[in-house]
Amino acid sequence: MDPLQLLQPLEAEIKGTKLKAHWDSGATITCVPEAFLEDERPIQTMLIKTIHGEKQQDVYYLTFKVQGRKVEAEVLASPYDYILLNPSDVPWLMKKPLQLTVLVPLHEYQERLLQQTALPKEQKELLQKLFLKYDALWQHWENQVGHRRIKPHNIATGTLAPRPQKQYPINPKAKPSIQIVIDDLLKQGVLIQQNSTMNTPVYPVPKPDGKWRMVLDYREVNKTIPLIAAQNQHSAGILSSIYRGKYKTTLDLTNGFWAHPITPESYWLTAFTWQGKQYCWTRLPQGFLNSPALFTADVVDLLKEIPNVQAYVDDIYISHDDPQEHLEQLEKIFSILLNAGYVVSLKKSEIAQREVEFLGFNITKEGRGLTDTFKQKLLNITPPKDLKQLQSILGLLNFARNFIPNYSELVKPLYTIVANANGKFISWTEDNSNQLQHIISVLNQADNLEERNPETRLIIKVNSSPSAGYIRYYNEGSKRPIMYVNYIFSKAEAKFTQTEKLLTTMHKGLIKAMDLAMGQEILVYSPIVSMTKIQRTPLPERKALPVRWITWMTYLEDPRIQFHYDKSLPELQQIPNVTEDVIAKTKHPSEFAMVFYTDGSAIKHPDVNKSHSAGMGIAQVQFIPEYKIVHQWSIPLGDHTAQLAEIAAVEFACKKALKISGPVLIVTDSFYVAESANKELPYWKSNGFLNNKKKPLRHVSKWKSIAECLQLKPDIIIMHEKGHQQPMTTLHTEGNNLADKLATQGSYVVHCNTTPSLDAELDQLLQGHYPPGYPKQYKYTLEENKLIVERPNGIRIVPPKADREKIISTAHNIAHTGRDATFLKVSSKYWWPNLRKDVVKSIRQCKQCLVTNATNLTSPPILRPVKPLKPFDKFYIDYIGPLPPSNGYLHVLVVVDSMTGFVWLYPTKAPSTSATVKALNMLTSIAIPKVLHSDQGAAFTSSTFADWAKEKGIQLEFSTPYHPQSSGKVERKNSDIKRLLTKLLIGRPAKWYDLLPVVQLALNNSYSPSSKYTPHQLLFGVDSNTPFANSDTLDLSREEELSLLQEIRSSLHQPTSPPASSRSWSPSVGQLVQERVARPASLRPRWHKPTAILEVVNPRTVIILDHLGNRRTVSVDNLKLTAYQDNGTSNDSGTMALMEEDESSTSST
């Protein structure tokens, strides 16, 4: 507008009311008639200076029109009936030409777009006119910024303000580029020079054209800013929903974030420092947590009425099939963006073309592909020199991961380099360079992918190799894939069966498919013939955890998913066969120094109280080159399963192989044992011999022994040979059959202790002879083959002795009742001598009651540490902390004299050995203790601390792990110190350093309820100069003080341990005890099965063989004495060891 026209009244409108507006060059804020602001709420107050003075006035945010154009601005109320306009609120009335640093070649960009467009000639001319018509929309200068006329955004920071950050070192090459950006933004009001309590570091990033982009590291600010709920849609979702018409256009909103104003109250958060001056943003900064969401939401809202438009941050995509319609919609978009205050960069835009770049991909009619720009970046990659460069390369490659079927396998060697990096240094070889170039070549040759069609069903094709899974997604009826996914199996998954690997791959594919399906059905094609039959897979054939199988099987019940067998899936190349004993099968037995054939067998035990009778057979054979038997063993194992016998036989052979020089072959007919030894044993050894459920393996001691043997002698080969074959079938048939025969013989060796039948006693009763225990006054008769006794209490049955234990067990097992209830139930029908005694004996052997019932005996009394007779004999030491930082200190070393309880406190910065020695050196200048007692912390168990104590002649003593009671004196002092510090430091916990002397004085002059004296009195014999000091000792001479002090100390000496209870028990070797179950679940046994005490360490500590077969040192507090002590059994392993000793002695003779 001509400047003279600004002197004339302008047409304005507020809330539908027309009035006049005047342009005031001196106004700093727009003023409107106060009648229009009665229903508005002020947003802030402002100090207004006029010729009449200064005055605080409310500021409002109002929307109105000037010359038919919408204006949104901050306003004040005025008594006039017209509007006074602030020139900055209507800059379009009188625009000054924008002058920035670098002018962009706008005309060249427009010519390029006109040449590249696919529009017909007539529409090209219309496009040229649009360029001229909307000249104000295009970016004319680098760093040019729009001005979005909306209510300013307020940046909320939550309850905690961010901390100012130091500036990073800046590359000198970046400074000229950054200075130009700052100067241009200052001219446009995007930046202002303003001091702030906050500071954010500037982080220049190089651009491909050699210039530098100004980026600010707002991570510290973003930590304190609440994330708004509205977030941008994922780019994959946008790409799958865009319209792919004949004509496509992409527009780039340059510096879009900087067009959005923020409130003045938010300026301080955005501050940064450049060249010694601090600047703040008046617009939405890049790098701010919520900037993308706020900006995208505004653009989407502006263009919501335009069809076939998608916006993602500052990129806008529009497509139509008709060229005229496409131009008409483009003009609408240009008009909306211009009125909104945005600026469009034609340099990065593409208008009405058949193929365009959007969100990093080349968008075509059918789908998406890698752009030429991206492919050129790949070709420009050079071998990395450090870890950061390698991570940058992997990040670039990862963008195209879905374009090739085996991406994860190709990049796995490069990720291995990252995992093995030593700091920023990497080990890069020529093979790695070749691998990188191969990946780049494969990606540059990758075909385009099809976009997801939401109108069709989703197809998934799944296959797997021993090390990886392969997934491809298709639209139904299409041959071009939507995407590829390649999944590398983890260490646990690599042990799965081939079917389980397919199910794992299928699971990974279906997780992604749920997003891609868009409500349509999912059809899964795989090499699995029948998914329903998989449910019946036997448990021994499953390697995966049950929870995985539950997850896999839930897909069968999902109505959205259908499973199909596809035998046409391409065969995967280079898939190795199932691992077998290749080494053993390719070598002749004569090439081994010795061959052992092993087998195990078990039969039903003739004793009804036992399940099995197991035995193992081992044949030591040598091929020289004929088959020759060197030695053979047939060993009974007792009540064990055939599986244990198979494992024990291999273990026996492994131990024998250790004595033989040269390679040894061990042959077993157990597929489980051979597979476990060759495949599973290394995994078990690495994870502590746990199964897939993270529980200890069965027969863990045997497997540990086999693992040790294989480690000591790596040339032991264990192979599987099918058993029970016809003679001369293979080289190993004869040896295998011999081992089977020896094992069967061993299983039939049963040790039975027979007792004479008592039926003869019953016959004697019927004949008038009375064995001991049968009263003569009772009448004994035979009725229906049962012996009946008539007693004063009634008629009862006298059962044979062989049936009595079964009768008691049946009565007891109904409800696992106690001895009295069980006795009453049995005696209601039966009688025999010593019935109550037999009931008690039987109940004491009930396994369920043993592991569930509480003990009725107490453990021995707690051993008290021997209390020293003199001060300085023994010190207890420990650390308190970490505490809140105070004067740079975090911990306190507490030293307590054992006899007196006197405390010394030393603040330290860390619980280290050097800090401990430094503090104790100060203390030992007074006196050197004989003993130092501590826990097993690193500060007290180091070699440095041990050397220091040895030099001082101090004996070190440590408490039992996880048993703080053994350091009770210092632990109680720690509690007192923390409690006293808490009370003294309410509201100021970081001031504890200054109060340590006060705390030490208070503790040393506090009376002990047990001794009735203070630690200061016990150490020095007199009170300190504190309030409530004892005045009775003030008139005593020093000799009298010392005599009184010795009398007091003697009276405080206590015995080592209190007297034992009448119901306590003392441990001894051979006693049967039961260990308490740690944290038993509900309705679970509270005690483990009985085991014998192997060694008594002290009256309260013993060594037992735990339920896993390991020797463990335990406290008697966690044991109960087994009620029945006469049922000890021999150790099977001991029997086996004894047989080996007999054999060795035989061979030596």
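Keep in mind that glycine also has a Cβ here, set from the backbone N, Cα and C atoms.
What Swiss-Prot records for the Mg(2+) 1 site is D314, D315, and among D209, D217, D252, D386 the residue it adds there is D252. Between the candidates D558, D715, D740, Swiss-Prot assigns the Mg(2+) 2 site shared with D599, E646, D669 to D740. Here the Cα atom of D669 (Mg(2+) 2 binding site) is found 53 Å from that of D935 (Mg(2+) 3 binding site). Straight-line distance linking the Cα atoms of E646 (Mg(2+) 2 binding site) and D873 (Mg(2+) 3 binding site), rounded to a whole number, equals 60 Å. With the fewest other C-beta atoms within 10 Å around its C-beta, D24 stands out among the recorded positions D24, D314, D315, D599. As a whole-number mean, the pLDDT of the domain 'Peptidase A9' (1-143) in this prediction is 86.
When the domain 'Peptidase A9' (1-143) is classified with DSSP, helix, strand and coil residues number 42 helix, 53 strand, 48 coil. When the C-alpha distances from D873 (Mg(2+) 3 binding site) to the binding-site residues D252, D314, D599 are tabulated, the minimum falls on D599. Listed binding-site residues: D252, E646, D740, D873, D935; maximum Cβ neighbour count within 10 Å falls on E646.
Taking the Cα atom of each, D24 (active site, for protease activity) and D314 (Mg(2+) 1 binding site) are about 36 angstrom apart. Other residues of the chain with a Cβ within 8 Å of the Cβ centroid of D599, E646, D669, D740, the Mg(2+) 2 site, are T598, G600, S601, G617, A649, T668, S670, G723, N736, A739, A743. The residues near the Mg(2+) 1 site, meaning same-chain residues not in D252, D314, D315 whose C-beta sits within 8 angstroms of the mean position of the site's C-beta atoms, are T250, L251, L253, T254, G256, Y312, V313, I316, S345, K348, in sequence order.
Annotated pair D935 (Mg(2+) 3 binding site) and D599 (Mg(2+) 2 binding site), C-alpha to C-alpha distance, rounded: 51 Å.
Geometry remark: D252 (Mg(2+) 1 binding site) versus D599 (Mg(2+) 2 binding site), CA distance 77 Å.
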